[in-house]
Structures are given as C-alpha cells and as structure tokens.
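*Asks:* Below is the structure I would like to discuss, written out as structure tokens.
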Amino acid sequence: MEKLLFGVAYYDEYMPYDRLAEDIRMMKEAGLNVVRIAESTWSTHEPQNGVFDFSSVDRVLDAMHEAGIHVIVGTPTYAIPTWMVKEHPEVLAVTPRGPGRYGARQIMDITNKTYLFYAERIIRKLLSHVKDHPAIIGYQTDNETKHYDTAGANVQLQFVKYMREQYESLDAINRKFGLDYWSNRINSWEDFPSVVGTINGSLGAEFAKFQRGLVTSFLKWQADLVREYKRDDQFVTQNFDFEWRGYSYGVQPSVDHFAASETFDIAGVDIYHPSQDKLTGIEISFGGDLTRSLKGSNYLVLETQAQAFPDWTPFPGQLRQLAFSHLASGANMVAYWHWHSIHNSFETYWKGLLSHDFLPNPVYKEAMTIGRDFARLSEQLVDLKKESLVAVMVSNEALTAMEWFKLPGGKTYNDVVRWMYDELYKLNAGCDFIPASSDQLDRYKLIVVPALYAVSDETLHRLNDYVSKGGHVVYSFKTGFTNELVQVRPAQQPGIIHEACGVAYSVFVEPSNVGLKEHAFAIAAEEGQVQTWMELLTPTTAEVLASYDHPQWGQYAAITRNRHGAGTATYVGCMTSGAVMRKVFEGALKEAGLWGVEQQAAFPLIVKKGTNRAGRTVRYYFNYSSEAVHYAYPHESGHELLSDRPVDAGGQMELAPWGVHIIVE
Amino acid sequence: MEKLLFGVAYYDEYMPYDRLAEDIRMMKEAGLNVVRIAESTWSTHEPQNGVFDFSSVDRVLDAMHEAGIHVIVGTPTYAIPTWMVKEHPEVLAVTPRGPGRYGARQIMDITNKTYLFYAERIIRKLLSHVKDHPAIIGYQTDNETKHYDTAGANVQLQFVKYMREQYESLDAINRKFGLDYWSNRINSWEDFPSVVGTINGSLGAEFAKFQRGLVTSFLKWQADLVREYKRDDQFVTQNFDFEWRGYSYGVQPSVDHFAASETFDIAGVDIYHPSQDKLTGIEISFGGDLTRSLKGSNYLVLETQAQAFPDWTPFPGQLRQLAFSHLASGANMVAYWHWHSIHNSFETYWKGLLSHDFLPNPVYKEAMTIGRDFARLSEQLVDLKKESLVAVMVSNEALTAMEWFKLPGGKTYNDVVRWMYDELYKLNAGCDFIPASSDQLDRYKLIVVPALYAVSDETLHRLNDYVSKGGHVVYSFKTGFTNELVQVRPAQQPGIIHEACGVAYSVFVEPSNVGLKEHAFAIAAEEGQVQTWMELLTPTTAEVLASYDHPQWGQYAAITRNRHGAGTATYVGCMTSGAVMRKVFEGALKEAGLWGVEQQAAFPLIVKKGTNRAGRTVRYYFNYSSEAVHYAYPHESGHELLSDRPVDAGGQMELAPWGVHIIVE
Amino acid sequence: MEKLLFGVAYYDEYMPYDRLAEDIRMMKEAGLNVVRIAESTWSTHEPQNGVFDFSSVDRVLDAMHEAGIHVIVGTPTYAIPTWMVKEHPEVLAVTPRGPGRYGARQIMDITNKTYLFYAERIIRKLLSHVKDHPAIIGYQTDNETKHYDTAGANVQLQFVKYMREQYESLDAINRKFGLDYWSNRINSWEDFPSVVGTINGSLGAEFAKFQRGLVTSFLKWQADLVREYKRDDQFVTQNFDFEWRGYSYGVQPSVDHFAASETFDIAGVDIYHPSQDKLTGIEISFGGDLTRSLKGSNYLVLETQAQAFPDWTPFPGQLRQLAFSHLASGANMVAYWHWHSIHNSFETYWKGLLSHDFLPNPVYKEAMTIGRDFARLSEQLVDLKKESLVAVMVSNEALTAMEWFKLPGGKTYNDVVRWMYDELYKLNAGCDFIPASSDQLDRYKLIVVPALYAVSDETLHRLNDYVSKGGHVVYSFKTGFTNELVQVRPAQQPGIIHEACGVAYSVFVEPSNVGLKEHAFAIAAEEGQVQTWMELLTPTTAEVLASYDHPQWGQYAAITRNRHGAGTATYVGCMTSGAVMRKVFEGALKEAGLWGVEQQAAFPLIVKKGTNRAGRTVRYYFNYSSEAVHYAYPHESGHELLSDRPVDAGGQMELAPWGVHIIVE
C-alpha cells in the first residue's frame, strides 16, 4: 500500500438532499482519503431488468477524483432488486426454515443460475463502465458473503454429487458417517434424503463444509470476473466478517476464510466490538491477527464503527485509540461504516461518523485529529511488518462439529478460542492464526490449539512431529476427539496426540463444585473453579501442573505438560478461569523462550509491535481503561510519534485514559 | 345516559342447564340493570349457511325485559362458524406467520368479500329480527376488533393501490421511504413486493397504518349497517381495548381509537388490570381517560374483571373500589366479563361474577352492595363531567415506529407513555388524551408529550405555537426525531421543537452507571439513575434542570426548561426514575398554574373529581393500599355519599384499606 | 423370570471395526447375561424395498448363544429407512408444526397403511428368520412408541369417526364439549374442523386421548404379530418411558401405560435420572413402582444409564447402587443403554458402559462387581414380591387437561404428582400406582390422589365409597374439578368428593406472600410458604389441619381432614413445601395404621422391601448421599448379602456413601 488509508463507506444514493460537495469538503477536513461505494445499491444501478444507470457512481467518482479521494467500488450483488424476485422467485434461497421472502439483503441462493446470470451482467456492466476511472484504487466483491443457509432441492442435488465425488461409494459413506444409526443407512443414490432434517452430526457437518465451499467458489467466480477489468494498479478484496454475537466475536462459521481469501489480492474485513466501558481492544486484535494471517500480509479494515449503537458511541479519545489499534495489528486502512447516519429503513441506529444532522459532532471532530496524524505518520506506520512466533490453530470443521455437539451450558468452539486467545492478548503475546491444514508450523515457537475437535490424523501427526522437533504446543480439552468427519476416534483419548502429551482419559464429566489443586503454580481459590467441561486425565509420562480438587475426581489430573523430543506439549483438560489459563501460557511462553519485557506489562496496558518500511521497530502502547497508566519504557531510546518527543530507555511514561503511544526505536 | 348502568356479559348459550330465571333472580338481587349478549355466538345463530335461529336471543330479550334489565346486543361477527371456513377457507387471514387455522376467534381477513357477505347477512338478519324489542338500549359492533395481522396477497394488492393513491409516484415513494437502501428501490408498480418481509421501518410502519385504516373502515361499515335498524333511543358502540401485556397496558397498536370511534355514538372499552396487592388504579384511570377523550364524553366499561384469574381475584373491598374507580374517570357503565364462569373450552379460568357453581360467593356478594349504591346514587354520579387542563398527546404512528426501532432493553412507546402517565396519576393531575393531529391544544394549560417519535412538521409547529402563546409542554426524549413516515429529520435534533425547547443534540447513548446532577430540584442518589436512553443535550437558550453525572458525559444537560414566548417547554432527554419525572411535572404544573391541594395528596391516596348533572363538584378519594389512610378534607364542607354523612371543611378523614369516599360539595 | 438379567443394548451394526468376539469376552467378564438388539436398524436389515439382510442379527445371535448370553430381539419399526420415505413421503407424520422431514427416528404416522404394510413385512420376515434361535428369550415391539403428534388430514378423519362412535350426535358433542363458545359449534358432520387449531380444551384433550388410543392399537397389532411367531418360553414386552424433562420425570403424556401394557407378557421400561450429587433414587423408585403396577408383577429395566451424559457419569459406587435400586423396586432385569459409546451421529455424548475407546474404564469395572453379585444372589433377589398398602392414583386424562389449563408458573400435572410421590418416597412408604378406573381400591389402606382434575363421576363415587368403608385418601387441590371431558362440574367444588372431604370452596387464588397457620402439626415459617395455587376452603364437617396465614384470606382453611364412615379423607387445598406434605402424609399413614419403623428412617436413608421366592423378607437400605449414614437395624436378626455377614436385631449399621445393604430376615 502506498500510504495509510482513512475512509468511510459512502452512499450518495441514500442522501435526503444533494450533499456531495459539502460531504467532500467535510471529508477533506477530516483527512479522509478513501471511500467505498456501490456494494448495496443494485436496484439503483439497474432499475429494471437490463436497464442500467450508473449516474450516482459516475458523479461520486468524478467528484472524489477531483478532491483527491480514492474510491473502492463494490460489486452490488449481495442485495437483489425487487424486479428480479418478481420475475424469478426461485432466486431466493430455500433454507431449513422454509422458502425465502423478499426484503432483506443476503437472501438469495448463491448457486442459482438465474441469480448468477444477473450478477455477472451487472458486474460486467458496472466494471466496463468505470474501469478506466482514475479515482478507483480497488474493487470489493459482493459484501460479507455467506451461503445464507441455502439448502433447497437444487442444493441437495449438488450435495449428493459432491458426496459421490468425495467418497465414491455409499458403503464408504454409510461407514464413515455412521448411517446405520437410527436406520439412516442409504443404500441407493436415489434414496439420498435432504440433509435439512438430518440428526447425524457427521453428515450435517459435511453439508456445512460443502456450503462453505459454495462461498469460496462464488467469491472466486466474482474475483475472476473483476480481474477481467481491473488495472494492474488496482486490487480486488473481500469484506470478510466474523461470528456475530452482536459484535465480531470469533471464527466465522459459514466461510472458510483461509480458502476464500486465496483469490484476493489483499484481505479486507469488518470489525465491530463493544465500546465505552467495555472496550478492551481484544476484538480488534483478534480480527486483525486473523485477517493478517489470511494472506500473511497487511489488510484493510473496510468497516468499523464510528458512533454506531447507543452503547458503542465512543468516549472522548476512544475513536482515536481505535484507529491506531487497527494499525498496530497490521491494518493499512481504517474505514468507518459509514459516513452519515441513514434516515430510513433498518440501520437507522447504526450511526456513522456524522449523525443524521450532518453537523460536525464530537466524534467527527476526533476523526479530524486521526486524519491529520495518519497523513503525517503514514510513511512510518504503513505496511507494518509483524513477525509472530506464536500461532493459534483454528478450524471451521472443529467449529461446526462443536455446534452439533455443544459443550454444557451451550458453550461452543469460539468460547474456547476466545478463552485462550484473550489471555494471549492480555499477555501481549502477539500471534498469527493458522488453519489445521497448515504446513508452516515450523515458523512458530508456540502453537496454541483450542478445542481442535474434528481434525485429520495427518494434522495431529504433524503436531506431534512439531513438538518432537522442538516446538511447543498448548492444547485445550476435546482436541483430537474426532476425525475430520466428526467420527470419534476409537482409541483412548486424546488419541493421536497422546504420543506428545503423555496423558490419557476415557471419562469426562461436567464439573460441579470442582476446583484445582496447584502443582506447578499458585492458584487462588477464586480463580481455581473449573467450569463447563473436565476430562479425567491420567498422565502416562506427563508432569501434572494441576489436578482436580473434588471428593470423587481428586485422583485425576487437570492440566499436564509433557516433554516430547525437543519440545513440550501442554494439555489443559478442563475449562479454567482466565487467570489459570494465563499461568499455563506463562509456563509455555517461558519454555518457548518467548517470555520478555512485554509480558510483564499487564492488561489494560497493551503493547503491540512490528517493523516499518524503514526496518525500524514500532511499538504501540495502549491504555484500555479510564485511569491513567504508568510504565517504564523498557527498550532503547526512541521517539514517540504522536507527541513528537524523544523517549529515553527506561523513561517513565504516563499513558492517558484510552491513550496511545507510538514509539519508534 | 339516563342512569348508571351496572351489568354483565351473559351467555345463555354456554349454560350447562337452563339457568335463565335463576340467573335473572340473582342479577336483580345484585342490582344489575344491563346485560350484553350475542357477540360471540354466530354458529349458534346461524347453525348452517343461510339457516338462522335466534331463539336464544329471543328468550333472553324477553326474560330480561320482563325483569326490567336492559340489553346490549352485539353483532356476532368476530368469531366465525365452522361451516364458513369449510366452504370458504379463504376467509381466514393469511398473516406473516402463514395461512390461518380454524379454532380461535379473530382469525378472519376483515377485507375478504366472502366474509363480509356473510357478516352483512347475519347482521341484517339479527337486527331486523330484534330491532323492535323494547329491552334493547344499544348495539355493539363486533368485539375488540383488530386487523389480526391480515397480510395475504389480496391485502398486499390493496396496499399497493393505497400507496399509489397516497404518494402518486414510485419516485416519491422511493425517496420518502428510503428504498435505495439495500437495493429495495421499486422501479415499476408490478415489482412492488409483499411488505411482509420488509426490513424498511418506514414501509413497515406505513403498512401498519394502512392496516389500522382497515379496522376503521370495517367498523364504520358495521356501524352504518346497524344504523339502518336501530331506533333513535338506542346507541351503537364498540368495545375497544388496549395494548395487552397480560392486562390493559397502553395505547392500542392495531387500532386508531380516535379515528375508529368517530362513527360511534358512545365509546365503549374493556379494562383489565393487576389486582390484589398489585392494584393501583392506574390502568382504570389510563383506560378511562383515553376512552373518555375519544368522544369527549362519558363512556361505557363494557367489560372488566370480576373474579378473573387466580392472581386477580379481588381482596374483600376491591371489587367495590374498582366500580367507583371507573365512575370517577367518567364511566356511565360498569359491566363484568362475565356473569358466570365458563365450564369448557378456553377461558375457564377467566372467572366471572359467579364461579362455576353459580352460588353466591364473596365477590358476588360484594357486587350486591355496588348495585345498591349505584341505584341509590345514580342521579348524583351519572354523566360526571370532567374538565382536564392537562393533556397527554399520543400517537399510533409513534408507537409503530418505535416497534421498528425499539429502545435498548426492548422498551417501546407505551413504556414511555406509562412512565409519564403514571406520575401524572400519582400527582392527581387529571388529564385527557389527544391525538397528534389535535387542533384543540388551546383547551389545555399543560401538554405532556411522550416519545412523539414519528410526527409531522405541522404538529410540531402547532406545539411550538402553543408554547409561544402561553402553553406549557413537557417532552420526553426522542420526540420529533422522525417525520410521519419514520424518516429521521436531517436537521439537528430535536428538530422543529428546538425552537421552543432551546436545546440541541447530535449524539445519544445508552446509559451505564449514569446518574443525574441536581440543578433545579433535589435528587436522591437512588432516584437519580438514568436508564435505557440518554441524549447528550446542549442548551442553546434553555435552563438546565438536571445534567448527567458521569465521567465522560458530565458536560451535557439531561433535563431542560425553556421559556418561549408566553409559555415553557420542558425537555426530558433521558429515562429517569418515577420520582424525578414527578419533580419535573411538579415544576411544569406550577408553571401552568395547576398546582393545587390535590397534588399534595400522594399515592396511594388518589383523588378524582368532576361535576355532576346538578353542577356540583364530586370528589372521589381512593385508598389503593392495605393500610388505612388519613387526610384532611381541604375543600368546602360537603357530603360523603357512601356513608351518607356530612364532611366539614378541613375535617379529618380516615379511608379504609381499598376504600372509597365520594364527597359532593 | 428364571434369574436376574444383567445386560446391555448391543449394536453390532454401529461398530467401527469387528468387535464381536472381544465385546463378548468383555461382557462375560462383566457378568452380563443378556443383550437387546435390532430395534433401531431397519435400513440395515432391509437395505432396499423388499431386499432383506439379517446377517448382523444372525452373527450376533450365534455368537451370543455360544457365549451363553441371552438375546431380546426388537422389531425395527420405530426408525424408518430412507427408501421408504423417498418412495412414500406420506408415511411421515403431519403434525401441528407441519409436514415431517426425514432424519430422526419416530417421525412416521403410525396409522399410515403404507407404513403399516412395510412394518408388518419386516416383522414377519425378521421373526420367521430368527424364531427358532435358542438365544432368544423374548421380543420387544418397536421402541418408546408414541403417536408422534400425528394429526394430518387422515388422522382428523379417523377422529371424526371416533367422535361419532363415542358420542353419536353432534348435539351431544356440542353440549358436552361446550362448542357454542366462540362460535365453535359444529352443526354438520362435514363441517367438523381439524382440531389442530382448536382452542377448546375439552376437544383438544379428547383428541389427545384418541391419539393415545392409536398407540395402544399399534402396540397390540405388533404384539399380536409377534405372538404368531414366538415360542411359549419367550416373552413379548415393550419399552415404555416417561414424561421427559431431560430425564424420566413423571406420567407419560402420550401413552396410556395401563391400557397399552395389557397386550404384553411383561412390562419393560427405560429409566434415566440425574446423577452425581443430584442422585436421589426417586426416579428409579417412581418408574419402578409405576411399571411394576402395570402388570402387578416384576418388570424389565430395558434401558438405564451407564456413563451417559457428562453430568450423569456416576461417582464411584453409584452404578452399583443404581443396579440394586432397580431390583429393590421389583426389576428382574437391569440393562444399560448401551454397551459402547457411539462414534457418529446424534447420541455421541450419551455414553455407554464402554467409552468410545472400548477399554475397561472405572464404570465398566464397577459393572463387573454388579455382574458377580447378581449371579451370586440371583436366587435370593429375583422375583421380589412387593405388597403395597399405599397407592397413588394417576390419570392421563387429568394430565392432558392440566396441559390445557396450566397452574400458575406453567406448573403441570406431573409437578403435583411428583410433589406428593417424592414425600412418600422420603418416608419409605412403598406404593403402587393405580389408574382412575381401578376397581381394586380395596387392596390399599391409603390412596393418594394428586390433582385428579379430569375424572368421571363414577371414579369419585368409588373413592367416596372407599373412604366410607374404612379407606384413607389424601387428595390434592383441583381434584374432581372437571368431568372426564374437562367440563367443570357446575356444583360447588370439590364436587362429588365433598361428601367424603367435608369441605367446600368457590374461589381459588394464586398465593403471594401466603403462609400456613398450624393447627394439627408444627409448621416452621420457612416451610410454611404456599406456592402456585390455593383454594379458599370452608369446612362443612372437616377438621382444619392448617389454614392460610394472610391478611385477606386468613379465614379460610388450607388443609383439612374429614372422618367419613370408617375412613378419612384429607384434602390439601394448596401447594405446600415438601416438609408440610410429609407431615400430612405422616398423619394419614398413622390413620391408616401404616406408620412403622421404616418411616422413622429419613432420606437420604431409603428402605425398600419385598418377599423373595423363598418367602423371606428382603430389605434394601440405600444411602443416597456422599456422607456415611448410621442406623440401628430395627428388625429380627438377618443376613447382609453383599458383605455376607449376619446382622443382629438392633445392630448398629454403617452405610457407606452411595452404599447398599441387602438384609434377608
């Protein structure tokens, strides 16, 4: 990326009156240098079947270009026009909840050929129309694409063909998926039932994987189309997003981000998160680490919150802190959804940088300071290179399998992922994410493996090898329990990784009034409670780090560590408090030789670092709290960029509430 | 009304054995002088298509007449017979939840012409059969009529025609309703989609308004039919009801009571409410004030509870207190639903005046005292004239819009209405209700405006004028935020009323640990907590009555008052405790010159007043508690009617638990 | 039964690899002597329409026979193959929630003739194939059979015919079912609507009764088929189950166990229950008492939990205690569901005796001790004869009626049943269950009648007679309120039983802050709170045992006892704490002459007794707690079987946590 991008999504089409010149004036005043347009407005650009009108695109492109503001153009395919649904009701996705209804976005069957015909036509028309415009720096395909649970008869037919291709014979399918159970056995291809009603978790998970494949194919198809038109200086990206729990929580269930991102030049993402008193920076870091890992490079935050909801409106200082939080994880672009707050329809209370009144408000005014600093510091902050020696291994397959087989209390895969990731974050242990299929394990000194529940033998053997060759792994409970088809391994658990972990179990229970007895580290009673899940571990060769404190289960281990070859494998057999998880990581980081000065800082003081284009180390210090934080700068002398002041080695620093320091060595 | 009516709904058709003579004997003993019949029993009166049998109507009319008990006859159209649904399944309403099923009442499409054909025929047959009967004092059309969410293809077609009539062009609709958003733009009338799946709040709210219009039309059509038969000495009424939260809570979402009541001679209503320890009298007062306001006159309580549910069965004394509570709000009739408790079917536990055993029970015995007192005091209590100088402005449009855009925690319009109304009630500040379209503002000294979220410019200008000419207004947050089509005003909030309120905001947040700092009145910490919603107010000319107590939002005002012309406008920018709301009203009532002796009484001592036919002031004192209450009678000497004793000015009065005094000056 | 059976459900078809020899070796080691097979695997046995493959049955039968392990063969009809649904989608039950979907078991319309054709064919094919095999000791028809809410058009048609047969005329139906209400009157048979949408509780309850009749007929049809093949030395049984609240909670709503069990030789059942700290033994006792009562004889526990869910995995000792708990209630067989934990599909976490790893685990090892003891003690423990002098009268009709008319807080019939039963259990008052239609009342000294809400006059008169002849009854509130068609009796409540109870009420309320005032026994404040329901009782001849402690309802009785003829009738008019219920039972047991030494033991020390084949009294002592319990053995000297030691009269005994003593006199 040439420079830091600071932007907004802009919808000229939604304006209650002509605002373009005034909006651009205010954008310039705020230092915004990029807008994203057109991804939601198909019905404006193609008001009737085959009638095209790109005038709102043209006028925005021309005006932005004149103002020196870049434009990212989206393909408008994720929200379909009324005329299409009236002419071809079959474009609506049939889901397990029944036929679709017109109204919302993201309601179509992305495999429907009629939809694809129209989607291709609007993309070709739009791109051939704008392709030579100098304002455009890149394209976004569709938006937050998923499969929308499409599961109608045509999709079932595709799935049967997919199954035959994957597994060849019904005998193999019956055996691998356990279809004898409850008389689900399929003895003739014609008898293959719709899986919408299936109770077979293996089959259900395979269908979910197949559906994720539809998304990958759809996005590749779009990106290929865009590439026919785009110039070499332009990029194609996609706006990925995460499991949504009212905010960006964890691994996306419906898209395989690693697979889907292959076709793109650069990864894009939207990240939304709690704010005000609840701001921790974790979701920004999580989403940033994951998105950076997709292409192993910097990424674009295509959407994040400005004012947004009444409970997210940032405290004074937070908007500024958030922008630099994104950069600290490796973002090259921070863009708000959206410029102005929308006056009608659905997302009226998802407010943009401007309120509905378009006046300069406190949040907009804070953005002005960000724009100035981005421009001033772009050269030093853009293209931050991050080298992580820690990786978190994640898996869509494990996630889906654990949706079928939930933990007690309804807890799922991402609860385990976040339980582990959050403590790495609080320890300032920067990390990448890797898929279970990764062959790059050796790049890392420590690999954290949350609940890798459904996983191939191959991956587990690779992890064993990694440890034997000197790597360190921290596993959570349930890892390796089933194979990649959600068939429980018939060996003693934890199955294949027993070799590296030196621990075994046959029985697991739901904890009730169970604590932890300390062995390797001190555990206060209040942090020792075990929740949700516990495996009754018996070490074969492992050292016991903690065992259960319970009248009946007291003889079993809870957390173990095993030396295996040149490395160690730590196995956490139960869900613990964050404090205990942090102590486990402390041990593992020390084993891996990764315990440094940053780990002695404690949340809410968060440190992120990387190397800039000039090869200098840039360190971000964040204070995610309403109280000032003091720290001694533990590195060689440097320069704090925001205040433009020198910092001495060991110098005493005060970081204001919701404040940021950026120190270049 | 000639006299106070005291009655029950009576269902001869439901009796397990012939009870008519015995029931009438017991009714007479209880002083009942009116029954309501026939509104639920179409299948009895028309057992087969075109076969009519009014024998149960005839025998009840004759027997009641002989006993001197009046009868209100209902048109039996709100519960349809099985034969109709078997012959014409299309009479069932298709709703957003799918096709209808036979079983319950209120399941038909009130626009279906087949249903209307049969409805017209049964009304004409019934009325031509009974029209000369001397027992009948009036008619009720249908019952608790609503649109039952009818939204099938035929209704969608009517809606498109309605939209074209209202807005003429699709361009206008696209613009006003913001349909460019998410590609919802409609570019050809044929493409107009069913709005059942719409995510556009403006469009959804317009459909709800259209559906309310269907109710108004349907009721007018019925009332016109009835008027072809009714005598001049008879009335036509409708049994309106309220938003139902297990009891009568607030403004009815599905009916525009002001519009629908125009066609009727007198307004009727049902009012149900918590009882026992939870009895406050608020719902009786709320429902009474609203119903009285519809025609600006006395009204009929066509249904209220006798024993009802196990948690409503009145404590000794409460049934009596309830009856007079209705009169004190202006009712001329109090009728129980229903005479006897039903032995089968659905509402078995919604008990009547009699239990299933038909024996005189404690509640029935208490009714006997009410009947005696109603008869004795009718001349003094009937046609109570109430002159309110306070009005609460309510709006179906604001209600619907806030269903689309709920407050945090799922709170809605009626929560705001009741938060304000309840405190007026506790201050004994009698009030009317007025619609947003009212041109009668000048009749009031104080107008209370809860969350008038969707409202026309015209109304807001009228309110500004009202203040400038000397009126006083108390606004809650969110007032004026959108226009009547739920389009947010693109001016700084609170938009048009800024002129009178002298306050502005661009940002609002959801409060978390936010208190109020006192300026104009003392606020105890425990009553100062702000909930649900807060606007960050900056006064332009207004005086700050309270500001926020919060580290980040402390510079903003929370409650302001502004002098504008000869009046004042108070703006309450956040949801407060009842105690704070009461203090705001105290200030406003004082400004309006309405602070009097009644306002110094405090709940549970409630005072209601009016003028009787003789022009005398009648004051009701109620004790809504289980402890006796003492008060000094602050008016000129009078006469307490129930005890038939004189009351001296300043005399010390003791009001028993759940007791009533009625004092005529 | 020749001997105690100790077994598992065994699914050779589900095995990930050939385990048969090894499984049998491990079974023998654990002392298992019976397996149940084939009830879930139709698609394996008939892979295509008309193609049969019983090889997995054959190989298991042969191998088990060789090993001396008995086999119970199930008819595989409760889970249908995919080919059937593809060929005949109409076999899926249409329910009130809509058409069925393939996937789960128990999804078919058990009245569909196509399904019945195939079911008959597979039964005949299977049974003719295996009928001569010496391993088979009996057959199970289908599994956990219910009506699966089948309610499609064909079922509605059958229901109309049923109604005509039962009630002859529509006039009678309209009158008895109260169909005039809300215009539900049916005036022509053709107009009879589907009852799926009915709001009439009488009609809805009748349909539920009709549906239970479908289950009875279906099971009889299957049992008759099986009887064509079975040998005289073989039995036919059914696996009944209970209302499921995540475990076996109460009376089964969908099956009339008394009627359905008539066709079978011996009753079978599955019983599942909370475990670990929550193990009380109540569900085992409840399920056992009820199942024993069906045929008045010993029964088979065809399924119960081994490891099962993470929160049920037994503490050390519990599996053993559970096995003997079943025997103590009269079981002759204890079988686990299931042998091994399943590796795919749905019930992966419902673990069997073996974990997925097939290794000897602590639970399996505990089973080995049970197997040894069952074998050693079989002669002394099998065919335990239990003579109960207490009976609990239960009723599907009352249950269904109370589903229509729920108690406040959503409480239902089984909440009342369990409230009463649990206290009998804690008092060690062994009991039978009897249906409301029982003509065997005289066999009992005390009959407990929970909420017999819908009941015929005949039953109530029989109960009155029973009391007058010297029997004792404890009634709960709501008993006798409606007749068998859920029509409230129009007499003063409690209607017909007033004669025996000497108490009357017309009014009932939901208690709020209501206590009990003691009359006949001490009531601590904390145990005196009344919940859910209270009837305002006025005794006519009864003695007041407790009255309400409340400012308004204090004059009414809460619990009364009446001498009537030679017996007593106790009426409990409100829901009390367990402690109060226990005191009521204490009084009633004393009146009935049933208060003995066992009643002085208190939960968690539970005593069960019976007579063995040798005519000796066998007493089981259970400690359902994690603390040791001490007791003095209050009977003549005997012998403790498990430890093989003598026990002296009055001897001090220590019972370990979760321990068992079995003492033969």
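All positions are counted from 1 along the displayed chain.
A Cβ is built for glycine as well, from the same backbone N, Cα and C atoms used for every other residue.
Annotation source TrEMBL lists domain 'Glycoside hydrolase family 42 N-terminal' at A:10-375. Annotation source TrEMBL lists substrate binding site at A:ARG105, A:ASN143, A:TRP312. Per TrEMBL, the feature active site, proton donor maps to A:GLU144. Look at TrEMBL and you will find A:GLU303 tagged as active site, nucleophile. Taken from TrEMBL, the feature domain 'Beta-galactosidase trimerisation' applies to A:390-594. Feature annotation from TrEMBL assigns domain 'Beta-galactosidase C-terminal' to A:620-664.
Each of the listed features needs to be described in terms of its position in the shown structure.
*Replies:* Within 10 Å of the C-beta atom of A:ASN143 (substrate binding site) sit 24 other C-beta atoms, taking all shown protein chains into account.
A:GLU144 (active site, proton donor) falls outside any helix or strand according to DSSP and counts as coil. All protein chains included, A:GLU144 (active site, proton donor) registers 21 other Cβ atoms within 10 Å of its own Cβ.
Listed in sequence order, A:ALA9, A:ASN239, A:VAL269, A:ASP270, A:ILE271, A:TYR272, A:ALA335, A:TYR336, A:TRP337, A:HIS338 are the same-chain residues at least 6 apart in sequence whose CB falls under 8 Å from the CB of A:GLU303 (active site, nucleophile).
Summarising model confidence by region, the domain 'Beta-galactosidase C-terminal' (A:620-664) averages a pLDDT of 96.
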*Asks:* Determine which residues of the chain contact the domain 'Beta-galactosidase C-terminal' (A:620-664) at the Cβ level, with the cut-off under 8 Å and only residues 6 or more beyond its ends counted.
*Replies:* 277, 279-281, 315-318, 320-321, 324-325, 327-328, 373, 377, 380-381, 597, 601, 603-609, 612
*Asks:* Return only the integer: C-alpha distance in Å from A:TRP312 (substrate binding site) to A:GLU144 (active site, proton donor).
*Replies:* 21
*Asks:* From the recorded positions A:ARG105, A:ASN143, A:GLU144, A:GLU303, keep only those with a C-beta under 8 angstroms from any C-beta in chain B, and list them in sequence order.
*Replies:* A:ARG105
*Asks:* For the domain 'Beta-galactosidase C-terminal' (A:620-664), what are the DSSP-based totals of helix, strand and coil residues?
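*Replies:* Residue counts in helix, strand and coil order: 0 helix, 23 strand, 22 coil.
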*Asks:* Around A:ARG105 (substrate binding site), how many other C-beta atoms are within 10 angstroms of its C-beta?
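*Replies:* For A:ARG105 (substrate binding site), the 10 Å Cβ neighbour count is 20.
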*Asks:* Quick one: Cα separation, A:ARG105 (substrate binding site) versus A:GLU144 (active site, proton donor), in Å?
*Replies:* 11
*Asks:* Please give the substrate site's span as the largest CA-CA distance among A:ARG105, A:ASN143, A:TRP312, to the nearest whole angstrom.
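*Replies:* So the binding residues stretch over 24 Å, Cα to Cα.
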*Asks:* Check A:GLU303 (active site, nucleophile) against DSSP and tell me helix, strand or coil, would you?
*Replies:* strand
*Asks:* Counting across all protein chains present, how many other Cβ atoms fall within 10 Å of the Cβ of A:TRP312 (substrate binding site)?
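*Replies:* So the number of other Cβ atoms within 10 Å of A:TRP312 (substrate binding site) is 22.
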